[in-house]
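Quick one: structure below, then a few questions.
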Amino acid sequence: WIMGHMVNSIAQIDEFVNLGANSIETDVSFDKQANPEYTYHGTPCDCGRDCLHWENFNDFLKGLRKATTPGDSKYHEKLILVVFDLKTGSLYDNQAYDAGTKLAKNLLEHYWNNGNNGGRAYIVLSIPNLNHYKLIAGFKDTLKSEGHEDLLEKVGHDFSGNDDIPDVENAYKKAGVTGHVWQSDGITNCLPRTLKRVRLAIANRDSGSGIINKVYYWTVDKRSTTRDSLDAGVDGIMTNYPDVIADVLSESAYKNKYRIATYEDNPWDTFKA
């Protein structure tokens, strides 16, 4: 999965997919009542990027729906996964459940079109704070009560705070999550970071007894870091330059080992070589 980083305006969806991304990451900010408000990152952000692209959240969802609905004039067949980077740092811990509820209602109406030929992409809810695990329950309970529990098959999870893996597992246990788990590791492209924790996450993924199904590393903009990540065995790479990742994947060392994921590749299945 080549994951376009910080795709916060509708125009950027086309831009990143056309550069080679089959997945995008979108920032979601919340208002004081825990309603998802904007797709917006703000300053500071990654070096070399404009931090100020934004849409109203529901407008972005409608644009995303068009980009992931077969038959639509804006449809991109290869856009198959969306990571919502949920900026819950502005919320109190006791608002996490409400945030999940409101997020689910917005997605149900504006992305899934109330279950009537909505967008088809898989969705990862990425939460920065382990204490906000109740967001997951709020989201799931809402889809169930609205009669759309089937859509949970399209939803996965990530805790993005670079916490110790056992602590992440414990948060999932409290949230009642047993699958559909992506594990991120990384830091802004302005700073270096080793692959030490990525390797721990990959070991958990491959152990057969861990909770992690997929591992992605962010933010990777250089060919050398891309190669290091692929050598470590990641499933996804988040990048500001999808074309760089696509280039490296076509190199002789990688083109027979890796391929770009398609809609038929279940993002919740742990890959076994």
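Backbone N, Cα and C define each Cβ position, glycine as well.
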The Mg(2+) site in Swiss-Prot lists E25, D27. Which one of D72, D85, D93, D98 belongs there according to the record?
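Candidate in the recorded Mg(2+) site: D85.
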According to Swiss-Prot, C51 takes part in a disulfide bond; indicate which of C45, C47 is its partner.
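Swiss-Prot says the disulfide from C51 goes to C45.
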What Cα-Cα separation, expressed in whole Å, is found between H41 (active site, nucleophile) and D27 (Mg(2+) binding site)?
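Between the Cα atoms of H41 (active site, nucleophile) and D27 (Mg(2+) binding site), the distance comes to 6 Å.
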What is the nearest of the recorded positions E25, D27, C45, D85 to C190 (disulfide bond), using the Cα of each?
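Nearest by Cα distance to C190 (disulfide bond): C45.
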If you draw a 10 Å sphere around the Cβ of H5 (active site), how many other Cβ atoms fall inside it, taking every protein chain shown into account?
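Neighbour count, Cβ to Cβ under the 10 Å cut-off: 29.
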Rank the disulfide-bonded residues C45, C47, C51 by the number of other Cβ atoms within 10 Å of each Cβ and report the first-ranked residue.
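When each Cβ's neighbours within 10 Å are tallied, C45 tops the list.
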